[in-house]
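Reviewing the structure listed below.
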Amino acid sequence: MDQLKPALGTQRRGPRARCWKVTAAAAVVGSVTALYLGILLACHPTGETSFEHTVELRGITFNSSLQRENSDYYRVLTPALERLFLSSFQDSQLDWSCTGCTILGYSRNGNSSVIVRFRLRFAPQDSQPLSPTMEKEALRHGLAAALPKQGLSLAAYGTISSAALAGMLLPQLQGSQSKMPLTQPLLSPGSCPGDTFTCLNTQCVWKENAECDGQKDCADASDERDCGSRPAMRTASRIVGGSEASRGEFPWQVSLRENNEHFCGAAILTEKWLVSAAHCFSEFQEPSMWAAYTGTTSLRGSDSGAVKMGITRIILHPSYNADTADYDVAVLELKRPVTFTKYIQPVCLPDAGHHFPTSKKCLISGWGYLREDFLVKPEFLQKATVELLDQTLCSSLYSHVLTDRMLCAGYLEGKIDSCQGDSGGPLVCEEPSGKFFLAGIVSWGIGCAEARRPGVYTRVTKLRDWILDAISAFSTSIAHTVPPVHSSTNSNVASSEELSITTTSAIPTTSPAPAASKPATASRPQECGGRPGFSKSSKIVGGTDASRGEIPWQVSLKEDSRHFCGATIIGDRWLLSAAHCFNETNPEEIEAYVGTTSLNGTDENAVKVNVTRVIQHPLFNPIILDFDVAVLELARPFVFNKYIQPVCLPLAGQKFPVGKKCVISGWGDLQEGN
């Protein structure tokens with residue numbers, strides 16, 4: 001692939017917009033000096049107190065241009081809000097103590113209204129210190145009085161009809177790091193600033209990567225909700241190197257096919273929306289030419305749960321540049337919603353402030369070429385682990401053509417990378433709790449897996465707001481969709497479309513997605529990134545085949561006839577296993593196989609027994625795997641024989657000395673990466 005040269009350099013944020021309220025009395029001769037000193041005092045008065053607030057603005061619509069300080073929308077809205085917030089203290093006891101206002105940033109609410117975060121500064125009070133309650137109530141009442149009855153007009157951008165104080169209040173003394181959260185009225189989901197996490201109860205959490213980090217930061221614990229999980233992957237083993245993916249391992253993976261031939265990858269965001277790379281549609285923008293396949297690892301779609309979906313709309317980012325590959329993102333609307341199954345799941349769309357650190361190991365997947373010089377696509381989905389690279393280093397490797405909307409992943413020595421045919425596919429990163437987030441979209445590179453030429457991906461956090469804006473613009477079509485009616489084109493591939501596809505024109509690359517005017521219903525789903533159809537067993541490396549009867553207490557636990565974990569017989573109706581094997585497993589779907597050394601159960605004395613109950617240790621911690629133990633009750637008792645025997649459960653005081661030789665057994669991988 002030819003090296004790309006950007007036409008523009010990286011955009012940088014300018015200084016924050018500021019507003020000042022100066023109170024200085026001076027003689028005419030010293031007016032300039034007095035004004036200058038007044039500004040300095042407003043900046044750094046002794047004991048100055050500042051409060052940060054979040055306000056929801058109704059009547060105007062959020063647009064991602066509000067996050068660029070040089071945009072017209074930002075320049076119109078910011079000074080208007082500064083005047084509004086300062087005027088809120090007129091005729092109150094805080095009127096002359098308010099010394100300044102700083103707009104900190106804008107974000108979107110779930111219904112596309114604007115959320116503004118700002119800081120107010122106050123000079124010391126002569127009588128008593130300014131309390132958070134006093135400041136909050138003065139601002140709340142002042143906002144209602146300061147906003148004109150007819151609203152605050154912003155010309156072409158609409159009219160602010162209301163400004164509701166909400167979110168979290170953060171008082172902070174000058175030179176102090178202390179913060180005091182106060183309870184505020186609830187907002188709709190998504191109402192917190194872009195660098196915070198919004199709980200389902202709309203509490204704002206001011207913490208980096210609060211979602212799914214194993215700690216309940218929200219009062220309703222919604223930051224630890226079931227998203228991005230892999231309920232069928234029973235361990236947290238790291239995948240290193242490229243290999244064939246197991247079914248259900250990447251349930252958000254989509255194969256985009258043009259004229260029935262795999263052309264690009266995509267990832268599932270919701271039941272109706274996919275995300276991919278804009279460059280995939282440079283030549284073919286007609287939705288009727290495309291079909292999306294998911295729920296399968298086979299390009300032939302031979303899996304029983306494979307689903308074919310029609311595309312009704314393709315929206316390219318309006319700033320996409322085909323020459324530089326900047327803003328290389330597109331969203332695709334499906335003709336009908338896809339039904340989520342254990343093999344079809346959405347990936348988690350990260351918050352704009354989500355941090356993916358340098359050197360983090362992440363996963364890529366796709367049906368692209370296995371080698372640059374071997375132009376044959378694999379039959380089955382491939383996966384690989386790549387490392388997120390330092391932006392400055394990667395930019396230097398590509399002669400500084402990278403923009404803020406790009407990130408690099410791979411290895412300096414090469415050998416592992418995405419390639420042609422993987423474009424548009426997902427780069428996902430696993431967080432400590434096992435949740436998966438979409439960090440990047442396969443975009444471009446020079447060659448495939450060449451040394452010092454890592455893969456370049458679209459940085460999703462920089463384009464998240466546009467993705468949500470584009471989806472929100474067509475929220476009506478999302479809100480009124482119905483579950484797909486499945487017909488079959490062959491015995492294995494279900495279809496969520498009619499065989500005759502209605503032609504729908506795509507939005508051209510030169511046109512932006514329409515502004516959102518209706519409540520969005522396509523924000524990140526409550527459950528995302530799950531892998532309920534994938535089971536990754538632990539591994540025995542460097543072992544040998546066991547003889548039948550050598551380990552008579554060994555149990556193979558299977559779900560859908562797939563081995564996912566081992567267990568040990570401790571009684572005729574009880575097994576012992578690891579708690580992490582059952583985080584999201586229905587006991588009624590588990591079968592226990594004993595009396596055999598074969599996973600196929602070909603031994604004549606092999607026994608299959610259903611599990612009726614799984615009891616995990618109450619202190620089990622899925623993050624650090626502490627108290628990782630569970631007991632399983634069987635539907636009927638075993639009949640012990642020479643191939644089926646219980647293991648001895650040691651007394652609490654039994655000693656196992658250091659250096660003692662012991663035996664492990666299981667059907668796990670023979671080497672890492674398999």
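Any Cβ shown, glycine's included, is placed from N, Cα and C.
TrEMBL lists 486-499 with the feature compositional bias 'Polar residues'.
Per TrEMBL, the feature compositional bias 'Low complexity' maps to 500-523.
According to DSSP, C204 (disulfide bond) sits within a strand segment. Look at TrEMBL and you will find C192-C204 (among others) tagged as disulfide bond.
Sequence annotations record features per position, and here TrEMBL assigns disulfide bond to C212-C227 (among others).
Residues annotated as domain 'SEA' in TrEMBL: 47-159.
What TrEMBL lists as domain 'Peptidase S1' is 239-472 (among others).
Annotated domain 'Peptidase S1' per TrEMBL: 540-674 (among others), in sequence order.
Look at TrEMBL and you will find 484-545 tagged as region 'Disordered'.
What TrEMBL records for 20-42 is transmembrane segment.
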Quick check on the domain 'SEA' (47-159): DSSP residue counts for helix, strand, coil, in that order please.
38 helix, 37 strand, 38 coil
At a 10 Å cut-off from the C-beta of C204 (disulfide bond), count the other C-beta atoms across all protein chains.
25
